[in-house]
Amino acid sequence: MWKIRCVCPFEDDDGFTIQCESCEVWQHAVCVNIDANNVPEKYFCEQCQPRPIDADKAHKIQLARLQREEEQSRILSRSRSSNNKRRTSFGKNGASPTHSASPRQGNNTGANGALFSQSTNSSNSGSYRNSVTGATLPNAHAPHSQNRRRRSNHLNNPPEAPITEASNEYVYSFHLEYVPLESNTFSASALEYSKNLDLKNLDESEVLMDGCQVVPISSSKFCCSRFGLVSTCEIPPNTPIMEVKGRVCTQNEYKSDPKNQYNILGAPKPHVFFDSNSQLVVDSRVAGSKARFARKGCQSNSVVSSVYMNGSNSVPRFILYSTTHIAPETEIIGDWTLDISHPFRQFAPGMSRPSFNMEELELLSEVLSTFLSFNECASQDKKNCVFSRVTKYIKAARRASTANRVSVAKDRLSLTPSSTPSTPSPAESLPQPSNPTSVYAKSLKEFWLDKYRLSILQKWPAVKSLPTESVGIDVVMEPKLQPSVKEKKPTKDLQSPLPSVEEDSSNRDKKTDIADLHTDSKVGIADVLSPISPDAALQSDGPLKKAKEPEESSITPTTPPSFNVGESLSRRSASPLQHPRTSPDMLDKTSPCKRGLGTITTVHKKHGSVDHLPSVKRRRSIANDFHGKPDYNKRSLSIERKPEAFKTKGDRPHKVHPSFHRNSDSKLKLEPSSKEKSGSMFFNTLRTVKDKSHVHDTQRSSDVNFSRQNGTRSHSPSVSPVGFSFDKSPVTTPPLPTAPAPVITSRHALVNNQFPTNNPNILDHKANNGDDISNALNTSRSENKPNSNLVQGSVVKPSNTSASALPTSAPKKLSLSEYRQRRQQNILHQQSKDNQAHGDTARPHTVPAATVSNPSFTR
């Protein structure tokens, strides 16, 4: 886009500007001392070619020009207000800057042959307008020269006529919309096609060259063409009006070109004409003749036909013929030439009303919108206009569709509750309790939750008095019915399948211990709090019956002496995955416990609930005396507690296996809690194994021997004891191992900087199973007797290897197994110190070989 940058420094166009060859900016020729009669071939501005320029003089010249133009504008405004007639007012020097020519208009040759731009006047006689000034709007189809660089406005020319009120809408001439052609231009396919045409001959003198003129068209809306072709005389039918010129191609070429959008419009674009005698197309959008301004409409009065002119059969020529009688000053209108399958043809006058579905209606609306963006019907009869009929049809169809939807919606709303039976909501259909209480909730979800809680409270009143803090202790005990518990039929108001149980008033205020809390072997709170598994369903014996109270002599105590269950329940809970339960099938082999036994667990449920259903997660068991494959889908029994002898610093206690309990002499002893359960209460420990790729039937272990003389260690592989295996296949229980256990050093050897320092973060950790406790017992009992290592009651003499015979090695990077061994030794050392601090006297004790930490077993 051109830009004026002058030394004056005004940026408006005075009608005579010149362009710099280097930076392509425009400057006022008067400001740079250039005369209209002496225009240079090449011009460079003061910045590209520095030279002295009088900027003050240039500023005064342009300022005087602007003052003259303002005076002229005031004179014109006074003349228009005093007289509405069209008058001509001439200025002294040039035209108004508003309507002055742009730098891209008109080409003339100066005195020295230089190309320059000059403002031109263009007028057209007729009844539509009086005078029109030179065009000021650029047009893509206007011819222009690539070498145009300078513009000039001759000062001696008469001033331009101003725009009058009658013609102020049309600011440029129709000549700027096209390039006049002397003859048609044919494409290769059109030229080949035209050789085989059989057309009539026409004499050139028969054509009415001056029968029409181009006039501006006043349109109510914007359209692509602002001009039309109007007859100046009476034209009879079948009369050649004028020749149509342009670029000639075939219809196949035109339709296949995507820019023509024929697949959407279904008709030629404006200034494009289809020949009625052949398959040729005349494209006059860029170049052509005055006939290109013939608009199209539904009531056409002309058609384009191809003929041979003056007996020449070389190439055809295209003539605009009149089809009807055309009166003077009547617009020449051509045919739309719609496609044969165009849907607009169904809306022509005399055709029956078409029917379209909603999808076709939307497509029709899109075609109409696109078509009207390029075209405008030139017919004055809008009632018979195809586009008006299509527009009305689309609007009526949409209104009918909207009215149909509204009527359907009204029909749905008209269905009142009185005419339609009301469907109660799920919450309303639920039976309410006979005695309304505060537990009845408003919402459906809260109602069922409160009903669920109420049924639990009525079935198991002892839940009210249980502790509320989390407990991680599993206590195994045999069921014992309370004498004060009576059965009651299910409550009909709540429609609960669970039996409601009331507590006797005599024992309601009595403080019961959890160790004395017994329940029926078939019904417990765990049945209510946990889902029923298939195994539990198979074990049920049908409806509940009144249980008989067993005699106290028949109940075998499972709680070790001096064990306070209530105190244990108040301690910190442990993860339920660290202590898997034992399958009842294992217990049935060696224990008289029946399947009626329940396990009091409070890990995920309320405290004191009797759970008949074990966790379904599968875990491998490490057994001392049993190699069978456990059944984890059945009930299991497990117990863990922490004796007071093993209190550690901080709030994180270590778990102690239930087989370690105190005798009457306050000494810890490793033995089953009862002789009758010695086979079932085996040492069942499990570590959380991250790597589950352990091979079955593979026995791996290593003995770690420590020398108390210098604290060095030797890691020698050895065969693991027979009773300690990862095998899951059922194997008969072998006798206890008799191989000597590894020697564990005393506290003095642990302190001699042979192991990592006692980091509280390492020592204050949570023991995962009974191996740590067994090693703790072994270490604590070897404090007073460091040379005695007890394995199954037999004393093993320490090695006589001297300190000099033992190999010494430089510090090296520890492996994962070595690091775990050292960390566990530090833990055991800290536990021994804690036991001594509490005044516990350790004594030799028999430790199974399976309790020795296996470095290959991953925590």
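Note: Cβ is positioned from N, Cα and C throughout, glycine not excepted.
Since the structure is predicted, the reported quantities are computational estimates derived from the model, not experimental observations.
In Swiss-Prot, the annotation phosphoserine falls on Ser714, out of Ser81, Ser505, Ser674, Ser714. Within the list Ser425, Ser575, Ser583, the entry that Swiss-Prot describes as phosphoserine is Ser575. Record check of Ser96, Ser496, Ser720 in Swiss-Prot: the feature phosphoserine is attached to Ser496. Checked against Swiss-Prot, the residues Ser102, Ser716 yield a single entry marked phosphoserine: Ser716. Mean model confidence of the zinc finger (5-51) amounts to 83 (pLDDT, 0 to 100 scale).
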